[in-house]
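Colleague: As annotated by TrEMBL, NADP(+) binding site applies to GLY167, ARG168, SER169, ILE233. What TrEMBL records for 7-122 is domain 'Tetrahydrofolate dehydrogenase/cyclohydrolase catalytic'. The domain 'Tetrahydrofolate dehydrogenase/cyclohydrolase NAD(P)-binding' annotation in TrEMBL covers 141-285.
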Amino acid sequence: MSGDNIIDGKAFAAEVRARVKAQVDRLVAEHGLKPGLAVVLVGEDPASQVYVRNKAKQTVECGMRSDEIRLEATATQEEVLAVVDRLNADPGIHGILVQLPLPDQIDESAVLDRIDPDKDVDGFHVVNTGRLQIGLPALTPCTPRGCMMLLHDRLGDLSGKHAVVVGRSNIVGKPMAMLLLHANCTVTIAHSRTKDLPGLCRQADIVIAAVGRPKFVQGDWIKEGAAVIDVGINRIPKEDGKTRLVGDVDFEAAVGHAGLITPVPGGVGPMTIACLLANTVTAACMAAGIPEPQVTA
Ligand SMILES: Nc1nc2c(c(=O)[nH]1)N[C@@H](CN(C=O)c1ccc(C(=O)N[C@@H](CCC(=O)O)C(=O)O)cc1)CN2
Ligand SMILES: [Mg+2]
């Protein structure tokens, strides 16, 4: 993959992490403030274990404190809430993330809403959701924030562009639509009941695929020159019995139509963790009542 229209999310995420590290270095040097991120993992989901390990590694590489809290898959709601309460009260922890999905016995929204909104670096708490909705400063969900960074980097001003968001989840589709709206896009949210989805996508200057179905968005749904951001991470079986990762877009078919497109892997995924680190710096600065250090390059 080497076309000019293919966005290298891995390289861009490395740049974001370098900026975060420079910010952290200044916070430590000028304010004695070392941001801390705690990640809570309940159970042994293999993909979640990899993501949590990568988060901890990248947090430390950026010079921040990293706490990893692991609970058995059989943990009770009370046990998970007790961990969140303890982290809420820890002044050295500025960001808390509970890795999703949670086991079935746990009420996900009750856990997410127990996190102190000022430490909610996932931006999933109802307070941050509401703040985003009405345009107040908010901790913003990491994946949509990463998508916006990629779009602004390659397209600059997004005003007046028609964006179609395929998917209406609370963690990607809805906040994504809100961020695009705040960037003055005309936004359509499409979902399983949308009529003529191919025709709708063909009108879009920007297509965000966040539906959770492998290769769902077809190549001929993409208008010539449109930007295609693929949020999907689907593992599909290969003939040799192993699995491979594909997005929600049929990449091979879409790449010939798109003006810009993110691959899977190596597109949006790496931006999610980079934005989590950036949100942790934001949360630490908010807690200390100091402005975020501005770093160049
Ligand atoms: N509390 C949260 N849970 C989950 C989130 C989240 O933002 N907050 N998002 C996903 C998982 N996720 C981070 O937690 C995540 C997913 C994918 C990647 C990534 O870098 N993907 C790579 C491929 C990695 C692979 O081979 O599996 C890529 O796309 O290039 C990072 C983070 C659900 N849970
Ligand atoms: Mg549940």
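The backbone N, Cα and C atoms fix where each Cβ goes, and this holds for glycine too.
Automatic, uncurated: that is what TrEMBL annotation is.
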Colleague: Which residue among the binding-site residues SER169, ILE233 has the fewest other Cβ atoms within 10 Å of its Cβ, if you could check?
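Modeller: Counting other Cβ atoms within 10 Å of each of the binding-site residues SER169, ILE233, the minimum falls on SER169.
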Colleague: Of GLY167, ARG168, the binding-site residues given in the record, which has the fewest other CB atoms within 10 A of its CB?
Modeller: ARG168
Colleague: Which of these binding-site residues (GLY167, ARG168, SER169, ILE233) have a C-beta closer than 6 Å to some atom of ligand 1?
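Modeller: With ligand 1 as the reference and 6 Å as the Cβ limit, the list reads ILE233.
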Colleague: Where does the mean pLDDT land for the domain 'Tetrahydrofolate dehydrogenase/cyclohydrolase NAD(P)-binding' (141-285)?
Modeller: 97
Colleague: Greatest CA-CA distance (Å) over the residues GLY167, ARG168, SER169, ILE233 that the record ties to NADP(+)?
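Modeller: Overall maximum Cα spacing for these binding residues reaches 16 Å.
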Colleague: With DSSP as the yardstick, break the domain 'Tetrahydrofolate dehydrogenase/cyclohydrolase NAD(P)-binding' (141-285) down into helix, strand and coil residue counts.
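Modeller: Residue counts for the domain 'Tetrahydrofolate dehydrogenase/cyclohydrolase NAD(P)-binding' (141-285) by secondary structure: 55 helix, 30 strand, 60 coil.
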